[in-house]
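A.B. asks: The following block contains the structure, expressed as structure tokens.
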């Protein structure tokens, strides 16, 4: 392979046109209408990471402009280039350049637009008005509420949903078989649980795990540096049985063996609290979720990982005794 990008499966298997996108059908059908009409408004793509927002923008540009679409598309990552000067200079210069044949506009793609400063967004709003005859803007955001109302009102809104388990696993299976990777079906399930509908993350995990040989559940959790769900459930079950010391030992083992932060452990605990495989009264499950929220907040604020998570296990142990679990 001639470049690093060609070695990355997430790039190798990225859809090139709208016809190649098998998910987000409600979005794709509307975008195809823009291609058919050879015209489009400003667009705002919103949704969680890895759901195909940037891919859809590139596929739309490809179908409008052809193989050389990149010369008619200015792509900026707003989280890296938030300043008002970027908006005023780069976008203004590109907007004034020549338009492609047959299509009367070019495209400015602003990825992570929700990270732009308020001043930069105000400047963008004015540029959108000034160059709307020759330029269309596609804004990509994880949190559309951070986009100022005057910009939102000028855009057609598209919400990208987290990908279904079936869509993610089918894609992973296709890639694994195409690359000649030996894998366990349970490992694909584990990758989906870890990625939470983020296709980009899922493909990257699959590729990383493939370097260890057969893609197994153990290999998957090893490459992402996460504890296996059964290990977290064992820790919680031990606390529920009233053995705080043993539960805390399991906590220490998890954090040291996997190098996990307190926030990472808290997120895994939260996931396992709602697992049907963890047996606990519904009342305690609700109370535990509420208390874990407080622990997570303190961890985010910088509190000590070991102290906060040990406190959670101590609380769980005491509550289980009180409720006679």
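Positions of Cβ are set from backbone N, Cα and C atoms, glycine also.
Model, not experiment: these values are computed from the prediction.
When I checked Swiss-Prot for this same protein, it listed these features:
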{"type": "BINDING", "residues": "47, 48, 49, 50, 51, 52, 53, 54", "note": "ATP binding site"}
A.B. asks: Which one of these binding-site residues, 47, 49, 50, 52, has the sparsest Cβ neighbourhood, judged by other Cβ atoms within 10 angstroms?
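C.D. replies: With the binding-site residues 47, 49, 50, 52, fewest surrounding Cβ atoms within 10 Å: 49.
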A.B. asks: Would you find the one among the binding-site residues 51, 54 whose Cβ has the most company, meaning other Cβ atoms within 10 Å?
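C.D. replies: Of the binding-site residues 51, 54, the most buried by Cβ count within 10 Å is 51.
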A.B. asks: Validating a neighbour-count step here. Other CB atoms within 10 A of the CB of residue 53 (ATP binding site): how many?
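C.D. replies: By my count, 24.
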A.B. asks: Could you tally the C-beta atoms, other than its own, that fall within 10 angstroms of the C-beta of residue 48 (ATP binding site)?
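C.D. replies: The answer is 15.
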A.B. asks: When you average the Cβ positions of 47, 48, 49, 50, 51, 52, 53, 54 for the ATP site, which other residues in that chain have a Cβ within 8 Å of that mean position?
C.D. replies: 142, 160, 198, 199, 200
A.B. asks: For residue 52 (ATP binding site), which DSSP three-state class applies?
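C.D. replies: In the DSSP reduction, residue 52 (ATP binding site) maps to coil.
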